[in-house]
Amino acid sequence: MITMLQDLHVNKISMSRSKSETSLPSSRSGSQEKIMNVKGKVILLMLIVSTVVVVFWEYVNRIPEVGENRWQKDWWFPSWFKNGTHSYQEDNVEGRREKGRNGDRIEEPQLWDWFNPKNRPDVLTVTPWKAPIVWEGTYDTALLEKYYATQKLTVGLTVFAVGKYIEHYLEDFLESADMYFMVGHRVIFYVMIDDTSRMPVVHLNPLHSLQVFEIRSEKRWQDISMMRMKTIGEHILAHIQHEVDFLFCMDVDQVFQDNFGVETLGQLVAQLQAWWYKASPEKFTYERRELSAAYIPFGEGDFYYHAAIFGGTPTHILNLTRECFKGILQDKKHDIEAQWHDESHLNKYFLFNKPTKILSPEYCWDYQIGLPSDIKSVKVAWQTKEYNLVRNNV
């Protein structure tokens with residue numbers, strides 16, 4: 001009896017082992033199938049990605065203006081590969097069409113249609129974030145004018161004249177602007193003046209109009225310079241945003257000498273400072289004191305921008321003026337004043353809000369520098385700086 005029980009126990013163990021051994025290959029087979037499925041999906045995904053890359057590369061190479069250099073091909077990549085930074089023309093929906101006055105459909109020109117950096121190999125024409133730097137010879141005026149003629153756009157221009165700046169500069173500024181600024185398009189000149197009785201009589205082009213506003217006089221010219229950010233913002237909110245498509249803000253102590261046209265239009269436009277456009281960022285006169293809201297540390301910064309000219313859409317200029325004035329107020333609380341006042345805050349703003357278009361020094365040139373070979377056509381020139389005559393405190 002004992003022997004029979006022992007035999008039965010041995011048979012149970014043998015059967016258990018047999019079942020275990022037969023189930024083990026089945027488990028391994030299932031795992032292998034899962035691994036093969038995962039590998040198959042990975043291979044399929046790689047094939048899809050490779051196909052997309054090849055098609056995209058063919059698209060880039062199909063653009064006729066793009067050269068063989070890698071940086072040029074990078075520059076022409078569609079805007080969604082540009083970290084959200086575009087020019088005005090790129091920011092609109094591609095292929096958008098506008099109806100012309102004669103009933104034809106006119107396609108909005110893309111950046112590569114009107115801008116050719118290869119025409120000026122002697123200068124920097126594209127920023128690291130792929131925004132155009134507009135130099136004489138890089139833009140197609142006829143193509144741009146053909147498009148903007150259908151848009152019936154209006155461009156605004158703000159200028160401040162207080163104290164002795166009125167007699168010394170305002171009339172020359174307005175008369176030259178009437179001659180060269182946005183020729184053939186509607187323009188509104190917004191003149192901010194501290195004494196309207198001293199406003200010069202200026203006869204304007206039929207497409208141009210003038211709005212004069214009296215502002216409070218400040219004791220210090222530094223305060224006048226900084227308060228203009230607040231004033232511009234207030235006027236944009238009150239009426240300018242409803243009156244113009246683009247807005248430029250300029251200093252009064254300069255004079256137009258050549259066409260300042262639609263090639264300058266953009267969402268956020270900055271002006272290179274004539275004295276610093278060839279310098280390295282380490283030499284820029286940024287605000288270097290950490291306590292100031294305009295502080296830019298060494299090792300940071302792209303260009304040095306001139307506050308004498310900046311522009312863009314009303315919304316973008318409103319944001320710019322608000323942020324700059326916020327920084328000015330913050331500095332006042334800390335009893336500090338940025339080295340170059342509103343210009344220091346402007347440079348800080350452009351550090352974190354990259355301009356979509358930059359104007360070369362030809363658009364704001366100082367003849368005291370001379371006339372180097374890369375300056376082909378001076379659009380706006382500095383007037384003689386007679387600070388001892390026009391400023392209350394120097």
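Yeah, the Cβs are placed from backbone N, Cα and C, and that goes for glycine too.
Features as listed in Swiss-Prot:
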type	residues	note
TOPO_DOM	1-41	topological domain 'Cytoplasmic'
TRANSMEM	42-60	transmembrane segment
TOPO_DOM	61-394	topological domain 'Lumenal'
CARBOHYD	N83	N-linked glycosylation site
BINDING	160-165, 251-253, 273-276, T285, 385-391	substrate binding site
CARBOHYD	N319	N-linked glycosylation site
ACT_SITE	E343	active site, nucleophile
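Of all the recorded positions listed (Q273, N319), Q273 sits in the most crowded Cβ setting, with the most other Cβ atoms within 10 Å. Separating the Cα atoms of F160 (substrate binding site) and E343 (active site, nucleophile) is a whole-number distance of 15 Å. For the pair D251 (substrate binding site) and the residue listed as 'active site, nucleophile', the C-alpha distance works out to 12 angstrom. Note: the CA-CA distance between W276 (substrate binding site) and E343 (active site, nucleophile) rounds to 14 Å. Q273 (substrate binding site) and N319 (N-linked glycosylation site) have their C-alpha atoms 22 Å apart, to the nearest angstrom. A simple Cβ count within 10 Å picks out one of the binding-site residues F160, W276 as the most packed, and that one is F160. Each residue contributes its Cα atom, and for N319 (N-linked glycosylation site) and E343 (active site, nucleophile) these two points are 15 Å apart. Remark: of the recorded positions D251, E343, the most isolated position is D251 (fewest other Cβ atoms within 10 Å of its Cβ).
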